[in-house]
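K.L.:
Found this in TrEMBL, in case it helps:
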- 30-54: transmembrane segment (TRANSMEM)
- 60-82: transmembrane segment (TRANSMEM)
- 103-120: transmembrane segment (TRANSMEM)
- 155-175: transmembrane segment (TRANSMEM)
- 216-236: transmembrane segment (TRANSMEM)
- 248-271: transmembrane segment (TRANSMEM)
- 277-294: transmembrane segment (TRANSMEM)
Amino acid sequence: YWSGVAELENLKAVASPGERETRWKKEENVTFTPVTVILFVVICCVMLVLLYFFYKWLVYVIISVFCLASAMSLYNCLAALIGQIPFGQCRITCSNKTIEVRLIFLAIFCIAAAVVWAVFRNEDRWAWILQDILGVAFCLNFIKTLKMPNFKSCVILLGLLLLYDVFFVFITPFITKNGASIMVEVAAGPFGNSEKLPVVIRVPRLEHSASTLCDLPFSLLGFGDIIVPGLLVAYCRRFDVQTRSSSIYYISCTIAYAVGMVLTFIVLALMKMGQPALLYLVPCTLITSSLVAWRRKEMKKFWKGSSYQVGWRP
């Protein structure tokens, strides 16, 4: 939805040269091209392998990056909401720049939230709530900031990351010495390391047994399982805005994501082992989006994206 709002502002800016220049100066979006998509997937593969072999040291790098990125993301998300409130807009001037006082307090709050999580991240009884809030903010900001220019780039990204997910979950056990999946090992923390990567949404399982008295079991959903299909959903939302199609692509793709997630949990319950969620999310969202575009006879436009995106930028 946020991506759709930003797209509507971009379309309005195109109609006015003055607004267009101002909008581009403020715009912080990064557009994925097929080349950058492939580079992104290669970086993901390299990072996962490095984490598998050097987890003890790199885990702290990831924690530090997460704290910084999640604090900035939480600020961006809350600042967008606060900006809609017409009260408390007191400003101060510093170095010929003006800033709202409430945004200063918001920045302090976001930094404090990230620091509190970093200090108490191993407190399983409540730290997972703060991690989930920071994680949701990170995913929202990531999806809004990274733009897929067309359905072609979406297919390449989701297809490659589906292969990436399946390979590192199901194929790597035949390669590793201990027969363990690289993806599962990294997610669980290899070498018995107590530090866990903060790149998942954690929710306590509703189980009651003797083991839960000492160790609270969690269900995990990786950020990638939210962000990757989310980029397609965001593209569908922007395409709806561009074509004034009453949110049909957005709603259909969101429902498809929900169906894919339900399938993931069903297979998880039946097989009693961790599942690569993208195995179910990617086909559901891609096939649904394709069917909607084909049914509306807009596949060519949906595949190539809107022409205005390349029409004005110098």
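Cβ atoms here come from the backbone N, Cα and C positions, even for glycine.
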K.L.:
Relative to the transmembrane segment (248-271), which of 30-54, 60-82, 155-175, 216-236, 277-294 accounts for the most Cβ pairs at distances under 8 Å?
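P.N.:
Against the transmembrane segment (248-271), the leading stretch is 277-294.
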K.L.:
With pairs restricted to those 6 or more apart in sequence, evaluate whether the transmembrane segment (103-120) and the transmembrane segment (60-82) have 3+ C-beta pairs under 8 Å.
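P.N.:
Counting Cβ pairs under 8 Å, at least 3, so yes.
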K.L.:
For the transmembrane segment (30-54), could you work out the same-chain residues 6 or more beyond its ends whose Cβ comes under 8 Å from its Cβ atoms?
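P.N.:
Tertiary neighbours of the transmembrane segment (30-54) are 62, 145-149, 152-153, 156-157, 160-161, 164, 168, 182-183, 185-186, 190, 197, 231, 309.
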K.L.:
Where else in the chain does the transmembrane segment (155-175) make close Cβ contacts, counting only residues six or more beyond its ends and a cut-off under 8 Å?
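P.N.:
For the transmembrane segment (155-175), the sequence-distant neighbours (Cβ-Cβ under 8 Å, at least 6 residues beyond its ends) are 32, 34, 37-38, 40-41, 44-45, 48, 148, 181-184, 224, 228-229, 231-232, 274-279, 282, 285-286.
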